[in-house]
């Protein structure tokens, strides 16, 4: 195929070269052995003509239209063409042989170069005209129709076989003789006749005489035609597509002058093979003639594809029209993007096209969709046209194409991004035009656009006029807004001297469902009028808001003042001042409302409008104060020298807006109180007072005007002094510690302008002053002593209740603390927040999609610009509150921030990166982002990709070993290598996070999941929990859902308390009003509400079960109810997953020890798992893979895989395990037999072995359960508060054993349900062991100090087979 294509290419180049030579006339023509132009032979003779040339040759003669393509072809009708011997100058030679020629062989014999298209006489061809004389048939033409038009002359083709004859032309009415002018004879072409001579002829014949005999040629029927062709059309106009086997029909139509004649000819690929036929048609119209030729080919094939040319000729004009015919073997649909998958437009565009490159046959059905919804209307499959593009036009547009008959379907999607010019929303609402002097003002611009503008620029200029110009309105089409054209704008800075700037902040805020850019300029002190503008722009436009910041000394620019301002009394002078700023208002007027106009005829109050206040009020004469030079306000004063009751009423000041000419008014009501004489409401009475007692006398008065009150004693003016007080406008007289000289006559005198009134009384004093002084001393001393003791008791109580500062700070390091002991708010008071280190600018944080919602918070993916040194943009997770969060929720998130700061950074903990705490926006806590989500979902998704024997790359193994080595180095040198470990892996992780997808070293979704990965995840979780334990932090909810997976196989412990909706999480069970993860909780946490690091170790064992079951839900098929809690406390445990090796099973069982003290510490777990990850067990992995153990049966398909971790890994690890784990080691093969810690008795630890019974042997009460193991819900698992109270009550009342002495070992059993559902007590030693319960963590009872025991515990496994 390739060789043939190369050969064709060379041939094409050669032909092109030859064509070029021909066009330049530089080619040597072929030569004939007959040199004369005409050669004459007789009928029956043989003809032999040889031709030589420089290139391959071919012959053409009257007996054949074309020479054979290759080789020789013998035929008596067509003659014989043979090769002959050439010469050096002309190596190619062809000879043409004709035997027994006859008259019809008369004609032109042409020799030409075979591979050159152009036949040019004397250049690429040579010819000779041969006459074959037949004296019995001198004329050789056939009957034909001769089309005669209005041209000057035309040929009558009377061809002869004998040259030199005398020929005349005869019609039905005349004979024409050649005269060399109007009638000319040519032996080769016939008779050339002037057209006007033929208009009356019906037919024409040529006549000659040879010897004594006359000969006539075949007649030519004369048809007089028009000679103008108007147009030609080939239908279908466009290229025609067909399938193999279909019919091709082409219609070539010519519009010509009336009664015109046209000769049609077709050129197409199948013409030589005589495929198809064309049929002429003629339709005469009133003004013209339509002539058609219809080409039809049945059952088209691949050979019929190509160019089809229709040629029309009337002898004067030649028309040509062509089309392409494409033949397909099978139906097909091909669609591609024409301009790429993402197209951009601008809001407001009148027309936008979404084009695609479509090739299909037959034409398919199609439908356009936008964001999954079908679009109505008529559309084209080649382009979707959108009119009046808006922001709502943004979306994904999908073109669906289908051919139901052929079963073909194709889809293509295009993303349209509509860019929106920025708009400032404050322009839509009216803003104040006047601002009070010395006030604090905030100017705000809220902008929205696509793309979102990231910044808003502020400018200012002095208060001077600006020119106005017209600009197209962005909000009202076909309208224009008048915009001021101002110059001399300056950038606003915080050091602006005109009006002091307090702050200038810009941030992104989620408003009305959109992210908008908000900028606030706070002016600390408005002193000077100025013009401000905010400018916002993006790549498709710009918008600006002009703010006229006019500063005035008059509040709101218009006010009324009254002097005096308090209640008016009859006779006082009153001054009403109406002040208005001259910049905004003019035409000040005073009115007094008529009382009759305030109510209608029915007494209902009228609503008065400032626009027509003059209709309801009486104008008043007032004086306009003179305005000082430079002042911008006017004051219209209304003065009343002596106010009287008739002046009481409503006074209105009316002003007019300078620009809008609207009327504005303020109303002031004057209330006038008439004067009246004072009167006493209570007279003074005589009093008898003891020495040192208190004395109080009241002179209560009434009157319209506050009168003056004066006190006299024994007709002398009484004034205030030490021990004598006058209060309540002198109406009350008080004397403290009365003495003998205070006795006498007291007079109260009350006066005003209308008159005076008096009242008097006598005061008598009895007793001795010495006795009174002693009583005072005793009372004061008693009070001082009582206060002293009260303060002392208060200090003692506070010291007992509040621990020392250091104790509180140390204890708070445990994040999960009982709030009943120390409230969370009080704990956080001792943790600081360093804004200089952790505060991150809001404008460099771009919020993205929501990762999770909670009851009152959410976690959002975001892009932080410059949060790490040396990086431009990092993906982070942002914890924030929902809208409408309460103050307590805000304090809770702030507490979490302080706790994260205090804990510090660690590789295997989700670390704090920064925070946004400033009041300009919501509180946001920025933490690391883990791209692979939580470990539980990741393991489930990777089950199909689990390949236990897959080889890890040297880089991955090196990374695993580095984790272990650095962890051990950290343990030997605390506080040093931890930072090295975090820095090393966080740098790798951060580099992967910031690298492009093409540069990312590894994608965990593409790589297989191996046993090494599971051990590595377990090791890292233990490492992170070891760090939290060292910081005295108790997690309390350690589970695979709270473990996140990041780049480079790094896992991180998290607890997104705000993001997790525990009320919907099926892993949680409600306890009263709270929800508890009972499947992960240790028995002491369930029954005693005790949370310690050892209870986290229990949860770590459940987490191991999740990891090695590839994300399954713990306790599959088990109903979480009261019986579950009892069985868990009694020693029943889960059965290990089949992927767990003996070493992993042993770790699980030790983590599930009923005695918290017997559980391993996280430091021990780090050492053991580190040995498994790095030790010799993994080095022998290849040997293990060749001898896999048989898998356990499980309903879950992914659990039936063959475990490839070696059994001897566990045995090898057991040799290096700490003693605390070795003495509970599990036999390699019999993983249903365990040695489990029992109870402690007086510090002595006794352990024994007993056979473990699986859950299949002793199942729980049957329950109906539906659902998968992975998504096991806790429907019906909610334990009400009453149920927990019953459990706790039993756990206090039931004394499961009675230990009477150190030497006695008493068996204690608990009832188990029998086959009928009744509870029975197991016999001693049943099923291979006795049941004992630990007094502190097992039975949940309260034994006396004498109680002690030393039993062995029997432990039952929950197995997934029970499901």
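Here the Cβ of each residue, glycine as well, is placed from N, Cα and C on the backbone.
Of all Cβ atoms in the protein chains displayed, 12 besides its own lie within 10 Å of the Cβ of residue 33 (N-linked glycosylation site). Positions annotated as N-linked glycosylation site by Swiss-Prot, on the basis of experimental evidence: 33 (among others).
Among the features that Swiss-Prot reports, N-linked glycosylation site is placed at 104 (among others). Its Cβ placed at the centre, residue 104 (N-linked glycosylation site) has 16 other Cβ atoms within 10 Å. In the three-state DSSP scheme, residue 104 (N-linked glycosylation site) is classed as helix.
Look at Swiss-Prot and you will find 166 (among others) tagged as N-linked glycosylation site. Reduced to three states, the DSSP call for residue 166 (N-linked glycosylation site) is coil. Same-chain residues at least 6 positions away in sequence with a Cβ under 8 Å from that of residue 166 (N-linked glycosylation site) are, in sequence order, 208, 209.
Residues or ranges marked as domain 'Ig-like C2-type 3' by Swiss-Prot: 219-326. Within the model, the domain 'Ig-like C2-type 3' (219-326) shows a mean pLDDT value of 88, rounded to a whole number.
Applying an 8 A CB threshold to same-chain residues 6+ apart, the list for residue 251 (N-linked glycosylation site) reads 234, 235, 292, 293, 294, 295. Classification of residue 251 (N-linked glycosylation site) by DSSP places it within a strand. Among the features that Swiss-Prot reports, N-linked glycosylation site is placed at 251 (among others).
Proximity of residue 299 (N-linked glycosylation site) to non-local residues of its own chain (separation of 6 or more, Cβ distance below 8 Å) is seen for 245, 246, 247, given in sequence order. As annotated by Swiss-Prot, N-linked glycosylation site applies to 299 (among others), with the evidence given as sequence analysis.
According to Swiss-Prot, the feature domain 'Ig-like C2-type 4' maps to 331-415.
A C-beta separation below 8 Å, combined with a sequence spacing of at least six in one chain, links residue 411 (N-linked glycosylation site) to 398, 399, 400, 401. When secondary structure is read from DSSP and collapsed to three states, residue 411 (N-linked glycosylation site) falls in the strand class. What Swiss-Prot lists as N-linked glycosylation site is 411 (among others).
With a 10 A radius on its CB, residue 515 (N-linked glycosylation site) counts 14 other CB atoms from all the protein chains. Sequence annotations record features per position, and here Swiss-Prot assigns N-linked glycosylation site to 515 (among others) based on experimental evidence.
Swiss-Prot lists 527 (among others) with the feature N-linked glycosylation site. According to DSSP, residue 527 (N-linked glycosylation site) sits in a coil region rather than a helix or strand.
The feature N-linked glycosylation site is assigned by Swiss-Prot to 594 (among others), with sequence analysis given as support. In the structure as shown, the Cβ atom of residue 594 (N-linked glycosylation site) sits within 10 Å of 12 other Cβ atoms. Following the DSSP three-state reduction, the secondary structure of residue 594 (N-linked glycosylation site) is coil.
What Swiss-Prot lists as domain 'Ig-like C2-type 7' is 678-764.
Reduced to three states, the DSSP call for residue 683 (N-linked glycosylation site) is coil. Look at Swiss-Prot and you will find 683 (among others) tagged as N-linked glycosylation site, backed by sequence analysis.
In the structure as shown, the Cβ atom of residue 690 (N-linked glycosylation site) sits within 10 Å of 14 other Cβ atoms. Under the three-state DSSP scheme, residue 690 (N-linked glycosylation site) falls in the strand class. For 690 (among others), the entry in Swiss-Prot reads N-linked glycosylation site, with the evidence type sequence analysis.
Feature annotation from Swiss-Prot assigns N-linked glycosylation site to 758 (among others); the stated evidence is sequence analysis. Taken residue by residue with DSSP, residue 758 (N-linked glycosylation site) is part of a strand.
The domain 'Protein kinase' feature in Swiss-Prot is assigned to 845-1173; the stated evidence is sequence analysis.
With helix defined as DSSP H, G or I and strand as E or B, the domain 'Ig-like C2-type 3' (219-326) counts 3 helix, 66 strand, 39 coil. Neighbours of residue 758 (N-linked glycosylation site) among the glycosylation sites 104, 515, 527, 683, defined as a Cα within 10 Å of its Cα, are 683. Annotation note: residue 515 (N-linked glycosylation site) sits in a strand segment as assigned by DSSP.
Sequence-distant neighbours of residue 683 (N-linked glycosylation site) (same chain, six or more apart, CB under 8 Å from its CB) are 759, 761, listed in sequence order. Cα to Cα, residue 690 (N-linked glycosylation site) and residue 33 (N-linked glycosylation site) are separated by 174 Å. Around residue 527 (N-linked glycosylation site), the C-beta neighbours below 8 angstroms that are at least 6 residues distant in the chain are 437, 438, 498, 499, 500, 551. Across the structure, residue 33 (N-linked glycosylation site) and residue 104 (N-linked glycosylation site) are spaced 23 Å apart at their Cα atoms.
The local packing around residue 758 (N-linked glycosylation site), expressed as other Cβ atoms within 10 Å of its Cβ over all shown chains, amounts to 15. Taking the C-alpha positions, the distance from residue 515 (N-linked glycosylation site) to residue 594 (N-linked glycosylation site) comes to 56 Å.
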